[in-house]
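As recorded in TrEMBL:
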| type | residues | note |
| --- | --- | --- |
| TRANSMEM | 45-68 | transmembrane segment |
| DOMAIN | 67-128 | domain 'Homeobox' |
| DNA_BIND | 69-129 | DNA-binding region |
| DOMAIN | 131-332 | domain 'TLC' |
| TRANSMEM | 140-160 | transmembrane segment |
| TRANSMEM | 180-198 | transmembrane segment |
| TRANSMEM | 264-284 | transmembrane segment |
| TRANSMEM | 304-324 | transmembrane segment |
| REGION | 340-380 | region 'Disordered' |
| COMPBIAS | 344-353 | compositional bias 'Acidic residues' |
Amino acid sequence: MLQTLYDYFWWERLWLPVNLTWADLEDRDGRVYAKASDLYITLPLALLFLIIRYFFELYVATPLAALLNVKEKTRLRAPPNATLEHFYLTSGKQPKQVEVELLSRQSGLSGRQVERWFRRRRNQDRPSLLKKFREASWRFTFYLIAFIAGMAVIVDKPWFYDMRKVWEGYPIQSIIPSQYWYYMIELSFYWSLLFSIASDVKRKDFKEQIIHHVATIILLSFSWFANYLRAGTLIMALHDSSDYLLESAKMFNYAGWKNTCNNIFIIFAIVFIITRLVILPFWILHCTLVYPLELYPAFFGYYFFNAMMGVLQTLHIFWAYLILRMAHKFITGKLVEDERSDREETESSEGEEATAGGGVKSRPLANGHPIFNNNHRKND
């Protein structure tokens, strides 16, 4: 049974064009070809990345944060309360007004004290500014090095300038050591991101991030199996070209350098739009969709690879929407911040301290928020 599944999985018609077999990609005459077994090294390399990240954040990012004067906000801790803690862990982090009243009776606290307790308790679970800075520093360092290294790998290749040469001789295209290591390091890094995503800073696009990491790992792995290496290196370099700008903008934002953050963010937005919404669909996707059909009939690998590219492109459109919304806030004079971030709640921001006066602050409160619609629940 297992042998049958194995044979079917590696059936040439799934991975290679018609009239080609795995025997055509066996090493010979000093020419080396990509093999599935090459990817075994990516898992131990991913664990190595996690170890390197730990020491980088400890001995590089933390001193850098101190140098840039990254300051933590003072957080008031929620006092111990078994009733409220049980509700927080089992029923929800943001109770509705009816639940607040019930918890008030059960705990012996006023409704406003219950709201304050939940606000402080939510803030306790939010990542610290230092954690955010260290994570952004690690990603900035990797993406910058990966982009420089990636460009060094492909800039002298003829298919970097002529997309038709991506498929010249396909799939019998041998690899060179620089391509091998570029692939292994990039794939290992994305494995490490997937392994650490549960402990990393969680943002509003958490699910989209998981989809992105999984799709990227599948796309890179498949492109290695099917020898789509030239297209794969172009895609990796294109993605790395803007990621380091975003991470550097985050670093300066956490350090309080708002003008520098805003300027870098505008550059990032321009680069992101050009690379992800122009170059990727109209050059790279055109290259992978149109040119292969001039050489051989479509096969499963052709459809699968481009389907994964479609998933990534959909995510790019989603993130472009967030980026443009942030850019609009910047242009209209509002503070630029990561739209995906979970904002920290403050004691004064909820209208809790000031009850005098009219307007919104004089409205009844539901867990610290004015009640406009009793059926509406603000998300964290």
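Any Cβ shown, glycine's included, is placed from N, Cα and C.
Whatever TrEMBL says is automated annotation, not expert-curated.
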The transmembrane segment (45-68) vs the transmembrane segment (180-198): 3 or more CB pairs under 8 Å: yes
Other parts of the chain folded back onto the transmembrane segment (140-160), taken as Cβ under 8 Å at six or more residues beyond its ends: 56, 60, 166, 168, 178-179, 182, 185-186, 189, 230, 233-234, 236-237, 240-241, 243-244, 247-248, 250-251
Cβ contacts under 8 Å made by the transmembrane segment (180-198) with residues that lie 6+ beyond its boundaries: 38-39, 41-43, 45-50, 53, 142, 146, 149-150, 153, 206, 209-210, 213-214, 216-217, 220-221, 224, 229, 232-233, 236
The domain 'Homeobox' (67-128), counted residue by residue under DSSP: helix, strand, coil: 36 helix, 0 strand, 26 coil
Cβ contacts under 8 Å made by the transmembrane segment (304-324) with residues that lie 6+ beyond its boundaries: 205, 208, 211-212, 215-216, 218-219, 222-223, 226, 228, 231, 235, 268-269, 272-273, 276-277, 280-281, 284-285, 288-289, 339-340
